[in-house]
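Student: Dumping the structure here so I can ask a few things about it.
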Amino acid sequence: MVLLTKLFRLWWWLIISVVCVIESATDETLSFQRYFPLVTEDQFLSNDKRFQQIMQGATSADINWPDKLRTEKIDVKEEIYKLTSTYVYQSSWPDLTRKLGSVTAVDFDKDGHVVLFHRADHIWTQATFDHSNVYRDREKGPIRNSTVLALDCQTGKLVYEWGKNLFYMPHGLSIDREDNVWVTDVALHQVFKFGPRGFQDEPLMILGKAFSPGATDTKFCKPTAVAVLDSGDFFVADGYCNARIVKFSKKGEKILSWGQNSFAGSSYDVAPPNYFAIPHALALVPDRELICTADRENGRIQCFFWSNGTFHSQYHSLLIGDRLFSLAYTPIQGGQLLVVNGPSAELGTHPEHYNEVRGYVLDFKSKKILSKFGPNELQFSNPHDLAVTNNGLEVYVAELNPMRLHKFLHKSVVKTTSLSAAKPAVTTVGGDFKYGITKETLLITTPDNNPKSLTIDTASSFESHTAVSYHRPGGTAILVASLMLSFAFLTFAMALLLARRRKRGCMPFGVKRLRHAWDFPSKTDASKLRGLLLDHSKHNGFEKLDQNASDEENELTSGSVLPNVQFAY
């Protein structure tokens, strides 16, 4: 009997382990095909065998898996706490009355407008695709609302919109130097090229076959992102199923492709170069002629030479964790990579792997994390994409849930503003500065290097090399203030006296008020009241209000939140 009990426990433990590993590998339909190319049956079986080997702890003879990245233990929570915040959250942006769906992508057009891609009323759930990655909700038709919205970068107001009745499940969006708009639709398994501002909703190029997943030169399977070179050649991250990057000519002819599926089996086992577990986003590094991708489920960035797809480098950090959703590049300070990670995929199986969902800034050369950012200094919930201006001053983060677009400004152009009343504006006296709060106009360079003015509230605090003169109040002002204070004090004292006399049952001028039976509560009611007061005394008065509320809570109570937020698609 004891032996049977042990065998049953062992059998149950193996089932739980397999389920946890499979669930940590994916955030959508739990199928092996999510992670392996949709190609021939023999190739799929070969990949399936590799998956089983990894689960059993074995390694393949033809793959040289490197050692674990974690060579020494560090306190991840403490290291994240030490990081400073580079970007300041702009909570009042955007000024948009339109209800958004899951915001999946963001970029800039040629005029510097912030362009977002969202899913409106379509939601990606585990039932959206079958085990062959075929879209199940085709009969519902395309999204009827505009899926592409352009917002003014300063005011956040809607500038233009397009994309009605075109897309089923939006994912990636990027805009090239000629202002053409490139998007991917994971339900259609297609890549689209549109003219500036979507020009009449007529695509200039379509790659892939609608609703037909595949892994050939003419088919994709849930493509995630597009990046376009100045020459017109472009890259497609054929992400969820095929785990490859494909380079095309300006005319849409395939030039080359690279990448294979991998599942490391553990969060901090680094997959070998050119192996992906969902290449989820793309970013160009023009000053080094590199194309980089967010290797999502491996929690790392991989960079390749864009001429031939040769591996260049990879970036990984325990602070970022096991999932990395998107990345963007800015050439400032020798080159920086901005990334957003996501909720841990380990489902509590490894609680020692601490995780915070934030934006991080990495130095391209040293690969070190320089700083962090998030909404109101807090964590994101499910960030999906981000974009940064070339000068690194503005960052925008698209989030699936809550369904919104976040804006951040670099701290170098935003100074902390006091909550006190506004002081006189900054003025100059003999070349020196006085201090105060003012409306300051800053010159911001947009992605196309056109200057734009940006007005923000700043609290200037400049050190002066000469004495600062202060305005002193005159005698008349002091007299008026004293009289007002005296009047207020007398009024308060009179009100207090009247209140005490009424409490004793007397009207003003000593006239008693008739009291009735209902003025005297019963002993039972009095006991209840006394008990209630005593109960409150245990808590030292009223409960404190939560002062850590952030903008996300407004979304959580607005009914726009998806029920399942653990895994983002």
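Backbone N, Cα and C atoms are what each Cβ position is placed from, and that goes for glycine too.
Feature table excerpt (TrEMBL):
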type	residues	note
BINDING	VAL106, LEU173, ASP385	Ca(2+) binding site
BINDING	ARG119, TYR240, ARG296	protein binding site
BINDING	HIS171, HIS280, HIS384	Zn(2+) binding site
DISULFID	CYS221-CYS241	disulfide bond
DISULFID	CYS292-CYS303	disulfide bond
REPEAT	156-197	repeat 'NHL'
REPEAT	207-251	repeat 'NHL'
SIGNAL	1-24	signal peptide
TRANSMEM	477-499	transmembrane segment
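For each feature listed, report its degree of burial, its nearest neighbours and the pertinent distances within the displayed model.
Tutor: Contacts of ASP385 (Ca(2+) binding site) defined by a Cβ separation under 8 A and a same-chain sequence distance of 6+ are given as VAL103, THR104, ALA105, VAL106, GLY172, ALA281, PHE325, SER326, VAL340, VAL397, ALA398, in order along the sequence.
Cβ contacts within 10 Å of HIS171 (Zn(2+) binding site), excluding its own Cβ and spanning all protein chains shown: 27.
Using a 10 Å Cβ-Cβ cutoff, CYS241 (disulfide bond) registers 28 neighbours.
Of all Cβ atoms in the protein chains displayed, 27 besides its own lie within 10 Å of the Cβ of CYS292 (disulfide bond).
Residues 92-96, 98, 104-110, 113, 115-119, 122, 124, 128, 133, 135, 137-138, 141-150, 203-214, 219-228, 230, 232, 234, 236-237, 240, 281-282, 385, 407 of the same chain sit 6 or more residues outside the repeat 'NHL' (156-197) yet have a Cβ under 8 Å from a Cβ within it.
For the repeat 'NHL' (207-251), the residues of the chain that approach it from at least six positions outside its boundaries are 28, 33-39, 105, 132-135, 138, 171-172, 174, 176-177, 180, 182-184, 186-192, 257-262, 275-284, 286, 291, 293, 304, 306, 309, judged by C-beta separation under 8 angstroms.
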Student: If you measure C-alpha to C-alpha, which of LEU173, CYS221, HIS280, CYS303 (recorded positions) come within 10 angstroms of ARG296 (protein binding site)?
Tutor: HIS280
Student: Hey, for the Ca(2+) site built from VAL106, LEU173, ASP385, who else sits with CB inside 8 A of the CB center?
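Tutor: Residues close to the Ca(2+) site, other than VAL106, LEU173, ASP385: VAL103, THR104, ALA105, ASP107, VAL115, LEU116, PHE117, GLY172, SER174, HIS384, LEU386, ALA387, ALA398.
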Student: Using the structure shown, find which entry in ARG119, HIS280, ARG296, HIS384 (the binding-site residues) has the sparsest Cβ neighbourhood within 10 Å.
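Tutor: Checked ARG119, HIS280, ARG296, HIS384; of these binding-site residues, fewest Cβ neighbours within 10 Å: ARG119.
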Student: Looking at the recorded positions ARG119, HIS171, CYS303, HIS384, which has the shortest Cα distance to CYS241 (disulfide bond)?
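Tutor: Checking each of ARG119, HIS171, CYS303, HIS384 against CYS241 (disulfide bond), the shortest Cα distance is to HIS171.
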Student: Measuring Cα to Cα, tell me the gap between ARG119 (protein binding site) and LEU173 (Ca(2+) binding site) in whole angstrom.
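Tutor: Here the two Cα atoms are 12 Å apart.
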Student: Consider each pair of residues in ARG119, TYR240, ARG296, all listed by the record as binding protein, and report the largest Cα separation in Å as a whole number.
Tutor: 21
Student: Take the C-alpha atoms of LEU173 (Ca(2+) binding site) and HIS280 (Zn(2+) binding site) and report the distance between them in angstrom, rounded.
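Tutor: Taking the Cα atoms only, LEU173 (Ca(2+) binding site) lies 12 Å from HIS280 (Zn(2+) binding site).
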Student: Where's the emptiest Cβ shell within 10 Å among the recorded positions VAL106, LEU173, CYS221, CYS303?
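Tutor: CYS303, out of the recorded positions VAL106, LEU173, CYS221, CYS303, has the fewest neighbouring Cβ atoms within 10 Å.
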